[in-house]
Amino acid sequence: MRVHYLWLLLILGHVASARYSSANDWTVDHPQTLFAWEGACIRIPCKYKTPLPKARLDNILLFQNYEFDKATKKFTGTVLYNATKTEKDPESELYLSKQGRVTFLGNRIDNCTLKIHPIRANDSGNLGLRMTAGTERWMEPIHLNVSEKPFQPYIQMPSEIRESQSVTLTCGLNFSCFGYDILLKWFLEDSEITSITSSVTSITSSVTSSIKNVYTESKLTFQPKWTDHGKSVKCQVQHSSKVLSERTVRLDVKYTPKLEIKVNPTEVEKNNSVTMTCRVNSSNPKLRTVAVSWFKDGRPLEDQELEQEQQMSKLILHSVTKDMRGKYRCQASNDIGPGESEEVELTVHYAPEPSRVHIYPSPAEEGQSVELICESLASPSATNYTWYHNRKPIPGDTQEKLRIPKVSPWHAGNYSCLAENRLGHGKIDQEAKLDVHYAPKAVTTVIQSFTPILEGDSVTLVCRYNSSNPDVTSYRWNPQGSGSVLKPGVLRIQKVTWDSMPVSCAACNHKCSWALPVILNVHYAPRDVKVLKVSPASEIRAGQRVLLQCDFAESNPAEVRFFWKKNGSLVQEGRYLSFGSVSPEDSGNYNCMVNNSIGETLSQAWNLQVLYAPRRLRVSISPGDHVMEGKKATLSCESDANPPISQYTWFDSSGQDLHSSGQKLRLEPLEVQHTGSYRCKGTNGIGTGESPPSTLTVYYSPETIGKRVALGLGFCLTICILAIWGMKIQKKWKQNRSQQGLQENSSGQSFFVRNKKARRTPLSEGPQSQGCYNPAMDDTVSYAILRFPESDTHNTGDAGTPATQAPPPNNSDSVTYSVIQKRPMGDYENVNPSCPEDESIHYSELVQFGAGKRPQAKEDVDYVTLKH
């Protein structure tokens, strides 16, 4: 309990000390005095800082004519504004912005700016701004100066204003309030200055509203003239185009003395007198003493008669000479500096002085424009001039300048002039020489060689000219490097070519003049001989008409003859070579030859290519037309065609397409079946040609022959064995025959039929086929069964109906017929048999045992042929 009491005492002591020190810790900044007038507004810029860094305003009051009540220890007075933080939004930064005429523009942190609108005259005096932040409180006095009428602006001027020096005037008003705008305008002698002119440099306006000052300013920067001295400058305050107040000041412009000079008379004849006066018209500050200085052509005058009077000075010139002509001015000084008068020119009249001539340009180039000027001092100026060329008058030219538009060599010479005015004429002082430069004249190139000039000869040329100013210093030749220079102006050309270009020379001083080109006229044999095809326009085909022309580019002399050669042999003479119907045999290399009296020239060979369809086709067989089977054979289709054959087609002896499009047909490996005739067909862009047939014979190899011989021997051995067995069977048959004769009622019979088969005649050899017929290819075994009809008792229905036909009781009631045809031995397809064909054996057997009636049935015959 005691500890808590000690802590409470410490907290109360801290609060008390904070209250006691709060008066020293508040900081409030605002303008010391604010100015306004009845009906305007006042904006009070204000910044504050509470004793506690994070403290915020809880309450703000604005009192008018406030007092402190010592009894209640509170401030009393008219409350113009009272705002307290709201319970709904205690953290808000702004209070209620406006109460009556007062608007709070600050916040709860550091801004206490206020605005009173409209302001009243009775608002003058002190306002009290009461601010509370927690336990901290503060009363800040604010002084207002409100007048019933708008007060005048102030104008700040520099201490001294000088003419032509830039100065700045400042018009200010200790007033600025947003929502009540004012304008500051400048006037010079009641004329508003609205824009930048030659004398007005700038007009700037600014508004300042800070915690230190509140004012509106306008600055006028200009360069005053001396005539602006004493003029009024006015600054006017306006609101909504209404003049509120104004202030006027007078300009005190300091300037140098302003002088006026007069000459009487300004034009005087030689030896007369002249009086000049200089008057001081104005000066600020004024001249202490009149001390006037005189100047002629910018130089001070000395030892002249002067008369000084108040504010005036006189200069008297006696017995005026021409040297006294010129420009005069006077000068006087004050504390600012010297002032000068304008210049006046004194003219002294006299007769022309001796003249001289100036030539422009000199020396002159031929063709240039030349101007000659006659220089003769005179006053008044000379009105008439007489020009002389080589001391002879030039009629028609009476001006000061003599102009020659295009000078030529004959214009060269000495020139002089004579000037004249109303006081008399002058004299000729000295002559001027006109020197006209021109390039060499009449330049020519001369050939100093024998003519005619032949190709390969040497030629000498000389460059000559008529006149030149200045003299010729060098020569040039065109084309450059065409020869060697023997000496200046002489050129030697070694081995002149047939196409030598024309040669010209130039003689040069500071300019070059070229001679006309001289043609060497070199004689030479015909050049660039060539063969031209006149017709046809496109490719040449057999049967067309062809016309060739012999052409050449150059020939000197021009008379020529033409000759034609084919493959080096002379064909005919003439410019044209014609083929009525060209053939392949006309193909070859053609040259045309052109000759003149100098020599002959042969053209390059021109190849005449005649296009024609394939011809002379034939089939060549490699390695030969008789080839053993198993090897390979290559058939080539040889032809004559232009252009070459692009597609080949091969056919066999039967005319069948072998589907080979190449020039060569390869057969590998060869078989006997490849034997036959072959032909080829070739096609190019012109047409198609076909070869006659060529025969290829393929014979058996020894291996094949051996195999077939062995097969034949085996077959013969088989026949012999069968023959032996046949004899045995025959013998057996003869034995059984006697027994069969005893059986009369027997219907069975057995017999052999021998049938000799005629051998097919071998085919004759031909180019398409070789060999003979081979019976072994037709080996057959024939077999037949003859069934006997059944007895009549069983023939109750259709014999062909399977339902009523009963099978025979046994297989003995049948007839068997067979043919055995033996395979021939040693028979080959392409070898004739060495012995006749063995005959075939036919065997049949008819057997029927038992007695009784035959069953009546439809006789059936089954016949079977077996081939192997």
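Even glycines carry a Cβ here, placed using N, Cα and C.
Out of Cys278, Cys374, the record in Swiss-Prot bonds Cys330 through a disulfide to Cys278.
Among the residue ranges 37-42, 175-180, 181-186, 781-786, the one that Swiss-Prot annotates as motif 'ITIM motif 1' is 781-786. Residue with Swiss-Prot feature phosphoserine, selected from Ser746, Ser764: Ser746. Of the cysteines Cys112, Cys171, only one is given by Swiss-Prot as the disulfide partner of Cys235: Cys171. Swiss-Prot lists motif 'ITIM motif 3' at one of the ranges 57-62, 369-374, 459-464, 861-866, namely 861-866. The highest number of surrounding Cβ atoms within 10 Å, among the glycosylation sites Asn174, Asn271, Asn414, is found at Asn174.
Taking Cβ-Cβ distances under 8 Å and a sequence separation of 6 or more, the neighbours of Asn145 (N-linked glycosylation site) in its chain are Thr33, Leu34, Phe35, Ala36, Ser124. Reduced to three states, the DSSP call for Asn174 (N-linked glycosylation site) is coil. Less than 8 angstroms from the CB of Asn567 (N-linked glycosylation site) sit Gly588, Asn589, each of them six or more residues away in the same chain. Note: the Cα of Asn384 (N-linked glycosylation site) and the Cα of Asn414 (N-linked glycosylation site) are spaced 20 Å from each other. Burial estimate for the glycosylation sites (Asn384, Asn595): highest at Asn595, by number of other CB atoms within 10 Å.
The glycosylation sites listed here are Asn111, Asn122, Asn281, Asn466; among them, Asn111 has the most other Cβ atoms within 10 Å of its own Cβ. Put simply, Asn595 (N-linked glycosylation site) is 101 Å from Asn271 (N-linked glycosylation site) when counted between their Cα atoms. Across the range of the domain 'Ig-like C2-type 1' (153-250), the DSSP-based residue counts are 3 helix, 56 strand, 39 coil. Per-residue confidence over the motif 'ITIM motif 2' (841-846) averages out at a pLDDT of 50.
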